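Worksheet for the structure shown next.
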Amino acid sequence: MAGSSHDTGSGVGEDKSFRSKQNEDVNKKLKYISLAILVIQNASLILSIRYVRTLPGDRFFATSAVVMAEILKGCTCLLIILFQKRGNLKEFGVLLYNSIVVQYSDTLKLAVPSLIYTLQNNLQYVAISNLPAATFQVTYQLKILTTALFSVLMLRKSLSRVQWVSLLLLFAGVAIVQVQQESGKQKEAAAADPSQSYGKGLVAVVVSCLSSGFAGVYFEKILKGSSASVWLRNVQLGIFGTVLGLLGLWWNDGTAIAEKGFLFGYTPMVWGVILNQAFGGLLVAVVVKYADNILKGFATSFSIVVSTIMSVYLFGFHVDLVFTLGAGLVIGAVYMYSLPKQSVAASSSASTMSHGRSNPGGDSELEAFLSKNSVKEKES
């Protein structure tokens, strides 16, 4: 009997060990899949926007593309919420009414980040239309610097010495790229095309980085402790985003759109850009559950390399030693910043790791919402 009991215990132990190894293998595969998705999404969106904005012929209105992306994203989130409610329209309607109308003060809090995100999306089109894709990708990493500074000022977060050094390297790398672009062949190429203005693109990307940093930190601050799912938050953001986007469309392109139509200049490629912009962010929100912060930092760095290589083949982008040095500093800085902070005190290690894993792009709060959402689904 004793031998039988020993064999049973051994069998259970082996089974647990096998399952643990299986889970590790699955998680490893999911991490690599997540890495591929993050790299493809980061690089393809910028390259595709640059491509469709530099094609000869009728240009679509960027303001209409921003509105269309908000509508598609909002509708997708509504379908996901309906699916979570197992198609029960009554529960679906009650949830939306309570969350959006009854708790209107909570909904109104999202007006500010929604306004900033709408501005940011429009500025991205302006920036990418006037800057080479690789230059935009490198310069846009300044959002890490702005997010870090706003986090310190607004959330009283602390940064490690490695992170401060990485921010200095990031700024230096971007500055080197700008000096190279200002004095190199890219300026001559831009001058050859009167529709492109390097200065206009640079201002747009800097303002976009500032708005991205502030919006991400503000979003995190007002939603701390909230139990709402990421899908519901995106619906709330989408309501304001659509309204504010339509106001921007009317203000900037109202007369032209009234004459030519909302979908003027839309081609299959343009629809691809809009779908990427609408669903890309939601897709990333899902895959970050399986990607740690180091992996996300590596994905961002690798996407810069991919964008640069593709820009050489697609747009004749010129890469020299100075650009390589600047981009290399940015890539290294992004990876360094994503490393978890080391803490000497064991008691504060959990808190330190939490800060170290906060993604400057705003993924940390999405991970929190996704985990809360999955808990709520299990309870229901």
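Please read every residue number as a count from 1 along the shown chain.
Even glycines carry a Cβ here, placed using N, Cα and C.
If you check TrEMBL, you get these features:
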- 1-20: region 'Disordered' (REGION)
- 30-49: transmembrane segment (TRANSMEM)
- 61-83: transmembrane segment (TRANSMEM)
- 162-181: transmembrane segment (TRANSMEM)
- 201-219: transmembrane segment (TRANSMEM)
- 231-251: transmembrane segment (TRANSMEM)
- 263-288: transmembrane segment (TRANSMEM)
- 295-315: transmembrane segment (TRANSMEM)
- 321-339: transmembrane segment (TRANSMEM)
- 350-380: region 'Disordered' (REGION)
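Ranked by number of Cβ pairs under 8 Å to the transmembrane segment (30-49), the listed stretches 61-83, 201-219, 231-251, 295-315, 321-339 are led by 295-315.
Counting C-beta pairs under 8 angstroms (sequence separation of 6 or more), the transmembrane segment (321-339) reaches the transmembrane segment (162-181) with 3 or more such pairs. Packing against the transmembrane segment (231-251) from elsewhere in the chain are residues 61, 63-64, 66-67, 70-71, 73-74, 77-78, 80-81, 84, 95-96, 99-100, 107, 110-111, 113-115, 117-119, 121-122, 223, 257, 282, 369, 373: each is 6 or more residues past its ends and has a CB under 8 Å from a CB in it. Packing against the transmembrane segment (201-219) from elsewhere in the chain are residues 110, 112-113, 116-117, 119-120, 123-124, 126-131, 136, 139-140, 142-143, 145-151, 154-155, 178, 360-362, 365: each is 6 or more residues past its ends and has a CB under 8 Å from a CB in it.
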